[in-house]
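According to TrEMBL:
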type	residues	note
REGION	20-42	region 'Disordered'
DOMAIN	137-614	domain 'Amino acid permease/ SLC12A'
TRANSMEM	138-158	transmembrane segment
TRANSMEM	164-190	transmembrane segment
TRANSMEM	211-235	transmembrane segment
TRANSMEM	261-281	transmembrane segment
TRANSMEM	288-306	transmembrane segment
TRANSMEM	347-369	transmembrane segment
TRANSMEM	381-404	transmembrane segment
TRANSMEM	424-453	transmembrane segment
TRANSMEM	503-526	transmembrane segment
TRANSMEM	538-571	transmembrane segment
DOMAIN	625-712	domain 'SLC12A transporter C-terminal'
REGION	875-900	region 'Disordered'
REGION	927-984	region 'Disordered'
COMPBIAS	929-948	compositional bias 'Low complexity'
COMPBIAS	949-959	compositional bias 'Acidic residues'
REGION	1037-1057	region 'Disordered'
């Protein structure tokens, strides 16, 4: 038995590594932690500490573990591995952790002169690349990215156009968006380990690969273009001070478009070289350059306080010093053209130029793979950088607006250099800012590109996954350099500049959206340690980003959005599934749970009925067509595929997990929209009960049962299915099969049996699920009314029948639902087939059924057939009084096999293929529960009128009150299977011949009263009819067997008086003639429910199965339906 252990903290490192890998892909190599002891990468490291491992005492338990670790590292083989065996430790933190775990034992066992484990760990750690901290890894890159060159060359432009208030307002709007986004970044980064890729990694692991890949690639493009544009902006202060024609300090550098591209290319090449040397050199360069920038900022602010007022009309400089008059002059906006012949500037154009000065907040997050503690450094460094740059922007804008006249601001954009105490410090600061921004853009963009490549979202990026020895994305940096260089040759950089803003805003918006969805989904694992994040901050940030995009440039915003959509679709259809988990699943769960609680089963209404299917499959290969058929039949309803694994639960637990994975793959291969439900039990019937009870939730539970008939054979399919290797159950016995049917009816579900569905079409998986007919074929609906005879007899000896239209209507309803599916609607026509006995009743039956179809909105061809004089051999023989036993040679071979097996002592074995369930209900319009024990004579006599005697009335065509006697509903002992008489199977007209009387049973023999409940639509549900039928049989079993013995029909007997077996043979002959395989693809017809208790007798079981086989043998695929509630109404 496992024991409790103390000092669990010694294994916390292992736990953290396990937690970091939970839910991540096996090929997720973006992790920046070193490999563990047993990592396959251990043998690839450089050997280190040649004397440490060999001198461990073999008596130490830790030495044994070390030997095992070295053996595991030796698995891939190679020369370096042999070197590890020869006494060298593989380099890596995993070995250090091994030394730390075993430190106590190694100190006592290691011989003198061997290196101590703690020193070995220190040596290994010192050899690893040094990570960056908050200052050099986040704060400085973010501050340098935000503090762009615009403050040096465009601050006068902002103040001259929109004034001090407009400039402060513009920075306020920009920083509002960036601050809200920073809060979202901080929340995500403090909710888990942030690995390489920064913002891309956050989005992909939160919103999924589609959003992560598309938005991440856009953000890469924006970051790359921002770096390229900074390299272009570097030329402006360079030429204004050193250009041959316009230089103020010296005129030495040639000017012109080609020279400008050359200068930008040189800067880009130098920055790329620095980035290729590694993050450490980049950090040192950034720190050095930031010193120059800080000095320039300090000198600019000092100049406002120390510079004396002056004017230089030649250069249009009017510096007044601190003046209230100057402040008021520059306070309000004054939009005007920059030059003659151009339109006046607008707020949107000014904001479009100003906003890039606020969007460098992702620089720190993009460096996440180079940080020691990303979860702590990213929030702290980014927030402080945002706060500091915002304060500096406000100080510079206010000071410049209060000391310099608007004319100078409008005519001389280089005004900060003109009024500075040390004029040279401004161009030096501008040039340095361009260099740092270019460096940051190159390295950040390369890190994002490499992270995308590692995740295998785009096939073209696979070569960029490789890291160099210092974990630097060398190939990604070179690729980014090439793209940036190409941007120089676009010609008009101003045309590219708006997309830089758009790409960054799209990233900001979706980062906020990801945080908002995580918060709204109430995921228990979303617990950021950053305390200042709220749902409203994320919502405000996302709304601000989208609004700013549309306000700045609607055309660029729509173009950028279109590119995102294209990339999203590409990733969705080409990228394999990633086990990262995305927040949409959590949000869907949250919404589903909320609406499932509102979906109350007590408020269901017949107007909104739809098929909800549970499919029990024994052998998936033999049931492929039935699985697809039910997927089409569900029509937007619930569809659950169930399977029972036969055996003991403990011994089948592993098999259950294996089969569950195989079945889910099969559902994906067949492209069906179904859920999976599995059970383990020693008996098939008990397992099926568990599936029926457990399927669905709340108001979404299966309401229709379809069972594949017995002895189904596997379909020929050349394609290998995921379920081919699963363990198949032993065939189910006939009595077990009947027990499932009885249990389904007892639980209040309707029933259907699919017969011969292997002939429905090809068995190949994929879009071609069903065969396309070469000529017009029909879906034939044979609605047949079924009546159950009671023990009550009328004065003239006629039987009383309990009848309803539930199954009759469901046949029409399911056929119509299937025909609504595009494939079935396109290739097949719907046809309703009815029959009567006498030829003279055909027209009347046609009129009544046609009216019913119109009222039910069923669009189908209608045909009415007659039996008498139609040349039906079985019917004519039955009318002549010939015996109707199973000796007829035309009996299907399956029936004879069932009978012979029932006569033997051996149990009958059948192969259960599929089952499906549906609810058992009765409507108040057809079955009423009387409050008194007797009905008046007037009520009894008034109920004997014929159905639909007034064909022009507006009464509900489903109302059978004209046919049924208004008597107290109590179920009487039914007939046995042989003696049960069916009601006029031809349809509506045959009901006229049913003779009914009011019958009051004796008090001593009356079964328990059937309970009812009222639904929200006013109908009564008779929910426990089948259990009370069992109680009725138990009251008087002797009378039951005595009163209902099977008798052969006498000469001249009508169809309603014939035994069930004879009726089935007659219907089979009629259907084979009218619905043959050449004209009909599928048949829907009525299924007779088994007599309660049939499964307890093998003889009765075989008789029931023989009846089904007799009815459906030799026909196209047949779908037999037994329902106990109406599924359609004519009322609004």
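Quick reminder: no glycine exception, Cβ is built from N, Cα and C everywhere.
The stretch with the most CB contacts under 8 Å to the transmembrane segment (288-306), chosen from 138-158, 211-235, 261-281, 503-526, is 138-158. Counting Cβ pairs closer than 8 Å and at least 6 residues apart in sequence, the transmembrane segment (381-404) and the transmembrane segment (164-190) reach three or more and so form a contact. Counting residues of the domain 'SLC12A transporter C-terminal' (625-712) by DSSP class, helix then strand then coil, yields 42 helix, 21 strand, 25 coil. Counting Cβ pairs under 8 Å to the transmembrane segment (503-526), the top-ranked stretch among 138-158, 164-190, 211-235, 347-369 is 211-235. Between the transmembrane segment (261-281) and the stretches 138-158, 164-190, 347-369, 424-453, 538-571, Cβ pairs under 8 Å are most numerous for 424-453. Taking pairs at least six residues apart, the transmembrane segment (538-571) and the transmembrane segment (138-158) share fewer than three Cβ pairs below 8 Å and do not count as touching. Summarised as a single figure, the pLDDT of the domain 'Amino acid permease/ SLC12A' (137-614) averages 87. Within the same chain, residues 30, 32, 132, 137-139, 141-142, 144-148, 150-151, 154, 157-158, 161-162, 166-167, 170-171, 173-175, 177-178, 181-182, 185, 189, 194-199, 201-202, 219, 223, 226, 279, 333, 335, 377-378, 381-382, 385-386, 393, 437, 440, 443-445, 447-448, 451, 471, 497-498, 500-501, 504-505, 507-508, 548, 551-553 sit at least 6 positions outside the transmembrane segment (347-369) and bring their C-beta atoms closer than 8 Å to a C-beta of that stretch. If one looks beyond the transmembrane segment (138-158) by at least 6 residues along the same chain, the residues whose Cβ comes under 8 Å of a Cβ in the stretch are 132, 166-167, 170, 230, 233-234, 236-237, 283, 286-287, 289-290, 293, 297, 338, 350, 353-354, 356-361, 363-364, 367, 371, 377-378, 380-382, 384-386, 388-389, 392-393, 396-397, 400, 404, 408-410, 412-417, 426-427, 429-430, 433-434, 436-437, 440-441, 444.
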